[in-house]
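Below is one structure, written out as structure tokens, with a few remarks after it.
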Amino acid sequence: MELWFTENQTASLRISVKASKVLEHRQTGYQELSVLETEPWGTMLALDGMIQTTERDEAAYHEMMVHVPLSTHPRPRRVAVIGGGDGGAIREVLKHPSVEQAVLVEIDPAVVEASRRWLPSLSSGLDDPRVQVVAADGRAYVQQAGQGDVPPFDVIVVDSTDPVRAAVGLFSEEFYRDVRGALAPGGILTAQTESPYLNRELLRQAFRAAAQVFPLARLYLTCVPTYPSGLWSFTLGSLGPDPLDPAGRGPEGSCRYYTPELHRAAFALPAFVTELIRP
Ligand code: SAM
């Protein structure tokens, strides 16, 4: 019997992928977690029925989400990833030799456990001595960061799920204000802000919120075949450097997707996306 995984991307759009095996399927304390072996995309992680990452196309997401801000900052030393329990973003952060500490703030420790078990190519960096894994709500963590026990960060990357449950607040102006407060001078935020085709209002609101909070806000794009519509956006807010004129060094080690040329090209937006974020 054939096994197919279907994600209801919207009320009228679905994506299906043929799976050869269910590696794990359970209700965590927080959400429904599935790990499947798929034919086209390799091992795939889904949460609440939504595809989060797959072995074969994750580089287009993680590399662009991380290397654009970290190559823009002149010397990123402290970096936080909010969400991102699969470890893919942290793996990329560690490709920057200036990084002294990388903090992963994931609300659901079961995601980290599952990724350590089934997705070692993503989670490999989590045992690096520079990495601290914190099980917490990213909103609360960011609120108290930048002071006392948690010194400010040079870059904060928001690698969240779609805006459901605790992730809703990660797309708000209030959260971006807290991020700003948790950044060191010249710091940078990058947040995944969903599909320009299917999440137009959310993207518009998130970008406008970032533009209210940060002196410089820019939108850039990547292409992730297993995400709804394939075209995916990131919102970058900067207290200093402009990603169009990167001040830092690029990643060391191999990348499957990111190149300096693509870094610049990613900010060239289709007309309808420019229109979407027009003030
Ligand atoms: N790239 C993926 C996407 O766009 O579909 C996201 C991957 S990553 C697995 C998302 C993670 O964010 C999940 O593991 C989820 O548990 C975590 N998350 C959601 N809300 C959170 C919050 N408020 N604080 C920290 N982590 C959160």
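Note: Cβ is positioned from N, Cα and C throughout, glycine not excepted.
Here TrEMBL has HIS62, ASP159, SER160, THR161, ASP162 binding spermidine, and the candidate from ASP86, ASP128, ASP178 in that same listed site is ASP86. Ranking the binding-site residues GLN31, SER160 by how many other Cβ atoms lie within 10 angstroms of each Cβ puts GLN31 at the bottom. Each of TYR30, ILE82, GLY83, GLY85, VAL105, ILE107, ASP108, ALA136, SER160, ALA166, ALA167 belongs to the same chain as GLN31, GLU106, ASP137, GLY138, is absent from that list, and has a C-beta within 8 angstroms of the C-beta centroid marking the S-methyl-5'-thioadenosine site. The Cβ of ASP159 (active site, proton acceptor) lies under 8 Å from the Cβ of HIS62, MET65, VAL81, ILE82, GLY83, GLY84, GLY88, ALA89, GLN192, each on the same chain and at least six residues away in sequence.
Within 10 Å of GLU106 (S-methyl-5'-thioadenosine binding site), counting CA to CA, the binding-site residues ASP86, SER160, THR161, ASP162 contribute ASP86, SER160.
In the three-state DSSP scheme, GLY138 (S-methyl-5'-thioadenosine binding site) falls into the helix class.
For GLY138 (S-methyl-5'-thioadenosine binding site), the spatially nearest entry among the binding-site residues ASP86, SER160, THR161, ASP162 is SER160, judged by CA separation.
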